[in-house]
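Beneath this line is the structure, given in structure tokens, with notes to follow.
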């Protein structure tokens with residue numbers, strides 16, 4: 001006969017064994033992805049470095065930087081503002097300006113036919129849109145801009161940010177990789193934090209007013225969230241690495257455009273897939289990260305992986321919208 005509690009102990013052992021297998025499987029996959037990515041990255045660095053050397057006509061970028069530096073008379077604060085604030089802001093509003101035309105007018109159809117959540121924001125609610133734009137501008141002017149002041153002095157301490165010698169393209173790719181990993185870690189955990197019921201109600205709920213997001217709402221958020229989830233994860237990498245202002249400018253611009261893509265609501269050809277984060281806005285408790293690596297390890301993408309959206313989560317290489325080639329299953333009442 002079985003002893004009292006024997007079944008419970010067996011179940012506990014089975015559960016622990018199952019969890020151990022899942023962790024082992026996740027670690028093996030991570031090791032495989034990392035090693036494969038490292039090999040591909042090494043090949044990319046060598047190929048891209050050769051390519052960049054050929055197309056930049058020798059010292060073109062270095063000469064252009066020196067001319068700009070001399071034109072600014074070495075005014076480091078002005079150079080920092082242009083590189084860390086003005087250029088990324090122009091990238092953000094330039095990209096989103098094109099998307100806003102499509103959101104408001106429904107044209108050109110080349111963009112709108114790639115809408116992810118069909119029938120949503122068609123056209124966008126202009127009253128709701130203006131509210132979002134005012135909040136975004138407020139976050140940029142009254143949160144992001146003041147945060148550049150302490151960052152400027154940190155970068156001055158490194159004594160490399162305003163060097164007259166540009167970093168090599170190989171080093172910029174290394175920095176870009178480190179920035180991306182740090183952003184993934186910091187954004188994932190800060191994002192999960194603001195989804196805690198206590199914080200969600202008072203902070204993160206604002207961002208989730210848009211269940212079908214558009215590009216400009218990528219930084220439509222409560223000021224506290226804008227600091228801990230939007231700004232710090234992007235600023236941390238350059239501050240740790242002591243990066244050059246040119247690298248900072250490129251990284252900030254890339255980060256703002258990519259987060260706009262992930263919120264834009266359109267799965268456009270040749271651009272990164274926004275299906276992952278769009279699904280987060282639709283379901284709230286899935287897909288917290290940027291790359292999806294931590295979501296896989298923590299199991300916060302299980303529901304997403306069982307959907308058609310997961311099948312569509314890839315770079316579109318044709319002109320046929322993925323909503324047509326991989327349509328959602330018909331609803332039960334249809």
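The backbone N, Cα and C atoms fix where each Cβ goes, and this holds for glycine too.
Bear in mind that TrEMBL entries carry predicted annotations, made automatically and left uncurated.
What TrEMBL records for 31-52 (among others) is transmembrane segment.
The transmembrane segment feature in TrEMBL is assigned to 77-102 (among others). Same-chain residues lying 6 or more positions outside the transmembrane segment (77-102) and placing a CB less than 8 Å from one of its CB atoms are 68-69, 108, 111-112, 129, 140, 144-145, 148, 151-152, 155, 161-162, 214-216, 245-246, 248-249, 252-253, 255-257, 260, 264, 266.
TrEMBL lists 132-154 (among others) with the feature transmembrane segment. Remote same-chain residues near the transmembrane segment (132-154) are listed as 76-77, 80-81, 84-85, 89, 206, 210, 216-217, 219-221, 223, 226-227, 230-231, 235, 238-239 (criterion: CB distance under 8 Å, separation of at least six residues from the stretch ends).
The transmembrane segment feature in TrEMBL is assigned to 169-189 (among others).
As a summary of secondary structure, the domain 'Fatty acid hydroxylase' (178-300) carries 87 helix, 1 strand, 35 coil according to DSSP. What TrEMBL lists as domain 'Fatty acid hydroxylase' is 178-300.
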